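Annotations for this protein, taken from Swiss-Prot, read as follows:
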BINDING   His45, Phe46, Asn47, Pro48, Arg49, His53, Asn62, Trp69, Gly70, Ala71, Glu72  beta-D-galactoside binding site
DOMAIN    4-135  domain 'Galectin'
MOD_RES   Ala2  N-acetylalanine
MOD_RES   Lys13  N6-acetyllysine
MOD_RES   Lys29  N6-acetyllysine
MOD_RES   Ser30  phosphoserine
MOD_RES   Lys108  N6-succinyllysine
MOD_RES   Lys108  N6-acetyllysine
MOD_RES   Lys128  N6-acetyllysine
Amino acid sequence: MACGLVASNLNLKPGECLRVRGELAADAKSFVLNLGKDSNNLCLHFNPRFNAHGDANTIVCNSKDDGTWGAEQREVAFPFQPGSVVEVCISFNQADLTVKLPDGHEFKFPNRLNMEAINYMSADGDFKIKCVAFE
C-alpha cells in the first residue's frame, strides 16, 4: 500500500469523536485507519479487508504497543462496497473506542494502551479521504 494521509498533534480527548468520510476504490482490497500516539503506539488499527491477508469481507482491529502488535479482534459486520463513499465515526473514551460503521452498526475496541489523548492519525490503502471532522 502506498503511504496515505498522516496527521499529528490532534489532541483528541476522551468524549470526542473523529468522523472520516472517503471514497473506496472500485477494486478495493483493504484500507487502514490508525489512531494513537505515533506510528509505533496505536490504540486502534482499523483494517477493513475486502480480500487481503487471507481475510474476505472482515474488519480486523488491533493495537500496537511500542512497535509490537496485540491480539487481533475481528468483526463480522462489513457494510463496505468497492466504489462507494463511506463514513466511519470513532468515539474515543478512556476505557474503549466505539466505531460506528456506515450502516449504523457499532462495536467497541478496548483502549489497551490506556491513552489519555489521541495525537496521531494515518490512513492508507484503497480509500481516498474526502473529509475529516473532530466533534
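Sequential numbering from 1, following the chain as shown.
Cβ coordinates are placed from backbone N, Cα and C, and glycine is handled just like the others.
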Please give the beta-D-galactoside site's span as the largest CA-CA distance among His45, Phe46, Asn47, Pro48, Arg49, His53, Asn62, Trp69, Gly70, Ala71, Glu72, to the nearest whole angstrom.
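The widest Cα-Cα gap among those binding residues is 18 Å.
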Cα-Cα, whole number of Å: the residue listed as 'N6-succinyllysine' versus Lys128 (N6-acetyllysine)?
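Checking the Cα atoms of the residue listed as 'N6-succinyllysine' and Lys128 (N6-acetyllysine) gives a distance of 25 Å.
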Measure from the Cβ of Lys29 (N6-acetyllysine) and count the other Cβ atoms within 10 Å, all protein chains considered.
16
Roughly how many angstrom lie between the C-alpha atoms of the residue listed as 'phosphoserine' and Arg49 (beta-D-galactoside binding site)?
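Counting only the Cα atoms, the answer is 4 Å.
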Tell me, in order along the sequence, which modified residues from Lys13, Lys29, Lys128 have their CA within 10 Å of Arg49 (beta-D-galactoside binding site).
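Taking Lys13, Lys29, Lys128 one by one, the ones whose Cα falls within 10 Å of Arg49 (beta-D-galactoside binding site) are Lys29.
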Based on DSSP, tally up the residues of the domain 'Galectin' (4-135) by helix, strand and coil.
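Split by secondary structure, the domain 'Galectin' (4-135) comes out as 0 helix, 86 strand, 46 coil.
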Comparing the recorded positions Lys13, Ser30, Asn62, Glu72, Lys108, which residue's C-beta has the most other C-beta atoms within 10 angstroms in this structure?
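Counting every other Cβ within 10 Å of each candidate, the maximum falls on Ser30.
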Taking the Cβ of Lys128 (N6-acetyllysine) as the centre, how many other Cβ atoms fall within a 10 Å radius?
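14, counting other Cβ atoms within 10 Å of Lys128 (N6-acetyllysine).
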In whole Å, how far is Lys13 (N6-acetyllysine) from Glu72 (beta-D-galactoside binding site) when you measure between their Cα atoms?
24
Which one is it: of the binding-site residues His45, Asn47, Asn62, Gly70, whose Cα lies the shortest distance from the Cα of Lys29 (N6-acetyllysine)?
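Looking at Cα distances from Lys29 (N6-acetyllysine), the smallest one goes to Asn47.
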From the Cα of Lys13 (N6-acetyllysine) across to the Cα of Gly70 (beta-D-galactoside binding site), what is the distance in angstrom?
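Here the two Cα atoms lie 23 Å apart.
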Give, as a single whole number between 0 and 100, the mean pLDDT over the domain 'Galectin' (4-135).
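Mean pLDDT across the domain 'Galectin' (4-135) comes out at 96.
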List, in sequence order, the same-chain residues at least six positions removed whose CB sits under 8 Å from that of His45 (beta-D-galactoside binding site)?
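Long-range Cβ contacts: Val32, Asn34, Val60, Cys61, Asn62, Ser63, Lys64, Trp69.
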